[in-house]
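Engineer: Quick paste from TrEMBL:
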- Arg66, Arg100, Arg149, His150, Glu171, Tyr177, Tyr181: L-glutamate binding site (BINDING)
- Gly68, Asn123, Pro180, Phe297, Lys326, Glu330: adenosylcob(III)alamin binding site (BINDING)
Amino acid sequence: MEVTNKKLSDDVFFAEREEVLQQWPTGKGVNFDEAVKYQQSIAHNRRFGNKLAQAVKDGVTLIQPRAGVALYTQHIKLLQYLENEGEADLLPSTVDSYTRLNRYHEAEVGIEKSKESGRSMLNGFPIVNYGVDICRAVTSALDNPVQVRHGTPDARLLTEISIAGGFTSYEGGGISYNIPYSKNHSLEKTIRYWQYTDRLVGMYEEAGVSINREPFGPLTGTLIPPCISNSVAIIEALLAATQGVKDITVGYGQCGNLIQDIAAVRSLKNMTEEYLHKYGFNDVRVTTVFHQWMGGFPQDESKAFGVISWGAAAAALSKATKVIVKTPHEAMGVPTMEANAAGLRATKQIISMLRDQDLREIPEVVKESEIINREVNCILDKIEELGKGDIAIGSIAAFEAGVLDIPFAPSRFNAGKVMPARDNYGAVRILEMGNLPLSQDLKDFHRMKLEERGKFEHRDVSFQMVIDDVYAIGKGFLVGRKN
Ligand SMILES: CCC[C@H]1O[C@@H](n2cnc3c(N)ncnc32)[C@H](O)[C@@H]1O
């Protein structure tokens, strides 16, 4: 199918909707007009976009966990605990892996097994199986706005039930929930699936209901050069705005060098707004999300709190609108509610202590941010050229050509030629450019930064640095020094 960056027509959308709502019996519980009324009954301060907008006005960074369990009564208890004991400003519902793969029969079995055993046999909250009414029981039981977080290449039915179910924010995108998550989904398919999601959000917007959308920033979460993750975020923001989305949170996964992390968020915010205006979207509200360290975590809980606090500090100093919080159980798996709340409180402490400091305009950050700006422009200019102005066509062609290439991604549609490595200060640089369309002076800059490290370590710049950097994480370091 030819995917283009055009708003889906009502005919196309509603014909497809017939099929989508039949994918599982709970789809029958979705009625758009009734759902609009339900959404309009949700109080102003319990709407995700409103709380984000207030945070921007107040100059504060909000904290949000990930959380999801199989039984909805326990899920309510968990989320209430996280907003009360964890002081969470925003709440999630992290969806289970079966639902993410549209395997609703297995999710059903997981629910039954959880009922029998009394504990969660799924690694998240199975929204599709529960349907609209149970989702409303969850979202209406909480004081704070709730967002659906997942990793679903085909999330069309999930979107329908989530919004009708009272969630006021929805994560994901046709690239960011495909390439890092899936091996065999084509980009044509997932970009098109996510145009459906964004068109549905656009229809709610046109009916007077604002739903926040959040492309998934970190991608594979392993040494992702900011120019690559920022380019994907901006593309997904543009694809969403084309379908009528008006409230977008663009995201970035912490890499570990403070200057680079702050510069990346600064560049992401500025360039998302610049590109939205360039494409004629002047009424889209843009906010940012900083994801605490997405790499491997130490088992030791005290050391884990160190990593969590470092991510909290970088989020605060970059003035991100919100930060996604990790837990001291990260190395073990799905956290207990107590551990999840502890990660939130540690983050809240740092965020509160640093709220009066803002490093976005210090010269080193501005310099790094301008480099990222130039790199993103090289990539997006090439995408516009490949797509003859259409960024959906251009993005698909870009992955085919390796112009967009996400390190360590499982997708067979990803070239996998770009290799990152850290420089002597831990900033992520590019060791193998693959077909990234960076200008020669930018390529020389990356090489120079890596040569600087090689000289310091008395070794040649090589792929061994990449391996050492990946293993460094588990040993508690950023730069994988030559032993
Ligand atoms: C991109 C998502 C990866 C992160 O998402 C966390 N995660 C996944 N599922 C749950 C869950 N059910 N409850 C709390 N956190 C969860 C992982 O730990 C990891 O940090």
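Cβ coordinates come from backbone N, Cα and C, glycine included.
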Engineer: What is the Cβ neighbour count of Arg100 (L-glutamate binding site) at a 10 Å cut-off, with all protein chains included?
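Structural biologist: Taking all protein chains shown, Arg100 (L-glutamate binding site) has 24 Cβ neighbours within 10 Å.
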Engineer: Compute the C-alpha separation of Tyr177 (L-glutamate binding site) from Gly68 (adenosylcob(III)alamin binding site), stating it in Å without decimals.
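Structural biologist: Per the Cα atoms, Tyr177 (L-glutamate binding site) and Gly68 (adenosylcob(III)alamin binding site) stand 18 Å apart.
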Engineer: Can you list the residues of the same chain, besides Arg66, Arg100, Arg149, His150, Glu171, Tyr177, Tyr181, whose Cβ falls within 8 Å of the L-glutamate site's Cβ centroid?
Structural biologist: Thr94, Val95, Val148, Gly151, Thr152, Gly172, Phe216
Engineer: May I ask which of the binding-site residues Arg66, Arg149, His150, Glu171 is closest to Lys326 (adenosylcob(III)alamin binding site) if we compare their C-alpha atoms?
Structural biologist: Arg66
Engineer: Let's check the environment of Arg66 (L-glutamate binding site): how many other CB atoms sit within 10 Å of its CB?
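Structural biologist: Other Cβ atoms within 10 Å of Arg66 (L-glutamate binding site): 20.
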Engineer: In whole Å, how far does the CA atom of Arg100 (L-glutamate binding site) lie from that of Asn123 (adenosylcob(III)alamin binding site)?
Structural biologist: 11
Engineer: Out of Arg66, Gly68, Asn123, Arg149, Pro180, which binding-site residues have CB atoms lying under 6 Å from ligand 1?
Structural biologist: Arg66, Gly68, Asn123
Engineer: Nearest to Phe297 (adenosylcob(III)alamin binding site) in three-dimensional space, by Cα, is which of the binding-site residues Arg66, Arg149, His150, Glu171, Tyr181?
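Structural biologist: The smallest Cα gap between Phe297 (adenosylcob(III)alamin binding site) and any of the binding-site residues is with Arg66.
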Engineer: Among Arg66, Arg100, Arg149, His150, Glu171, Tyr177, Tyr181, the annotated L-glutamate contacts, find the widest CA pair distance and round it to a whole Å.
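Structural biologist: The span, Cα to Cα at its widest, is 17 Å.
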Engineer: Looking at Cβ-Cβ distances, which residues of the chain lie under 8 angstroms from Gly68 (adenosylcob(III)alamin binding site) while being 6 or more apart from it?
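Structural biologist: Long-range Cβ contacts: His75, Pro92, Ser93, Thr94, Val95, Asp96, Leu122, Asn123, Gly124, Phe125, Arg149.
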Engineer: Glu330 (adenosylcob(III)alamin binding site) to Glu171 (L-glutamate binding site): how many Å between their Cα atoms?
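Structural biologist: That comes out at 21 Å between the alpha carbons.
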Engineer: Determine the minimum-neighbour residue: among Glu171, Glu330, listed as binding-site residues, which Cβ has the fewest other Cβ atoms within 10 angstroms?
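Structural biologist: Lowest Cβ count within 10 Å among the binding-site residues (Glu171, Glu330) is Glu330.
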